[in-house]
C-alpha cells in the first residue's frame with residue numbers, strides 16, 4: 001500500500017506543496033519570508049477573530065470596547081498588542097519579501113509577481129481600515145485624510161468620498177463599513193495567497209544564482225521545514241519582545257485620545273504600513289499629481305519585468321546594479337523617515353528628492369546599468 005499522503009486528494013495537495021516539493025538546494029534566508037508572511041497572516045486572523053468577539057463597531061462604544069479588551073478580557077491586552085505589532089511585523093516581512101523579489105529577479109515569474117502586487121495592495125487596504133477601528137484621534141483623522149485623497153479624482157471625486165464615508169464626514173456608517181471590510185479582506189488575502197502559491201509551484205522557486213536549478217533539487221521536508229521553523233522562531237521571538245516590552249513603540253500616543261471631529265492632532269502621521277507610499281503623496285504640491293504618484297509608487301512594481309534589460313537573472317553577478325539596488329533601499333528608508341516627520345519645508349524637499357530618486361532608479365538607472373553590464377560581459 002502506498003503512503004496515504006500521496007493518494008488522498010487533500011493530503012496530496014499538502015504533500016505537493018510542503019513535503020515532497022522539489023526545492024532548489026541553495027535558497028538563502030531571504031527565501032524564509034514567504035513562510036513568515038504565512039505565519040503572520042495566521043497570527044493576524046486568529047488574534048483578530050478573538051478581538052472581534054469583544055469589539056463593537058459603533059462610534060459611541062468602539063474606543064471603550066478596545067479599552068475593555070485591554071482591561072477586562074482575559075489576556076485581552078496580549079491579544080490586542082499581538083494584533084497591532086503583528087501587523088507591523090507583517091509589513092516588515094512583506095517589504096523584505098518584495099525587496100528579495102526585486103534583487104533576485106523573481107519578478108520574471110510573471111503571474112506570481114502580479115498576484116504578489118495585488119496581495120501587497122490588499123494588505124495595505126486591510127491595515128488602513130483596521131487602523132481606523134480603535135476610533136482614537138489618529139484613527140479618525142487618518143481615515144479622514146486618506147479617504148480625502150480620492151476627492152482629487154476629477155469630476156466624481158467628492159461624490160466618491162461621500163459615498164465611501166456614507167455621509168458628509170467620517171462617522172458611524174464609515175466605522176461600521178470599515179469593520180466589515182477589515183473582517184472580510186484577510187480571507188480574500190488568504191485566497192490570493194493560495195493562488196500565489198499555485199502559480200509559484202507551476203514554475204518552482206527561483207534561487208540566489210538566478211540559474212536554472214532543475215538539476216539540483218532537494219525535498220522541501222525536512223530541509224526547508226526545519227529552516228522555516230527556525231525563521232518562525234526568530235519572528236515570534238522578535239514579536240514577543242515587541243509585545244511584552246515595547247507594545248507602543250510603533251503606535252501613536254494620539255490614538256489613546258478618543259476621536260474628536262472638532263480637534264485636529266498636531267500632525268497626522270502615516271501608519272508604518274503606508275509610509276513609503278505616503279512620501280510620494282506628501283512631496284508633490286499638486287493634489288491630483290500626489291495621489292497619482294502614491295498609486296504609481298506601488299504599481300511601478302508591475303513594470304519591473306518590462307524594464308528588465310539584463311541577460312542575467314538576479315543581481316548576484318551584477319555589481320553595478322547591486323550598488324544601485326542598495327542606494328534604492330537606503331533611499332526608501334530615507335523616504336519612510338521623512339514621511340513620518342511633520343511636513344516642514346526641509347522634510348518636503350528631502351521627500352521630493354527621495355521620490356525623484358525612487359522613480360529614476362527604477363525607470364532609468366537600473367535598465368541602463370543592466371545594458372552596461374551586458375556589454376561589459378559581451379552578452380549580446
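One-based numbering along the chain as shown.
Heads up, the Cβ atoms here are built off N, Cα and C, so glycines get one too.
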From the ranges 33-53, 54-74, grab the one Swiss-Prot calls transmembrane segment.
-> 33-53
Transmembrane segment per Swiss-Prot sits at which of 113-133, 134-154?
-> 113-133
Out of 11-32, 77-98, which range is noted as transmembrane segment by Swiss-Prot?
-> 77-98
If we call contact 3 or more Cβ pairs under 8 Å (sequence gap 6 or more), are the transmembrane segment (113-133) and the transmembrane segment (33-53) touching?
-> no
Rank 33-53, 178-198, 288-308, 320-340 by Cβ pairs under 8 Å to the transmembrane segment (77-98) and hand me the top one.
-> 33-53
Proximal but sequence-remote residues of the same chain as residue 196 (heme b b566 binding site) (Cβ under 8 Å, at least 6 apart) | 112, 115, 116, 119
The correct three-state DSSP answer for residue 196 (heme b b566 binding site) is helix
Sort out the residues at least 6 away from either end of the transmembrane segment (320-340), same chain, that have Cβ-Cβ distances under 8 Å to it, and list them.
-> 99, 102-103, 269-270, 275-276, 278-280, 282, 310, 347, 350-351, 354-355, 357-358, 361-362, 365-366, 369-370, 372-373
Count of other CB atoms lying within 10 Å of the CB belonging to residue 83 (heme b b562 binding site) = 21
Candidate with sparsest Cβ neighbourhood (10 Å radius) among 97, 182, 201, the listed binding-site residues | 201
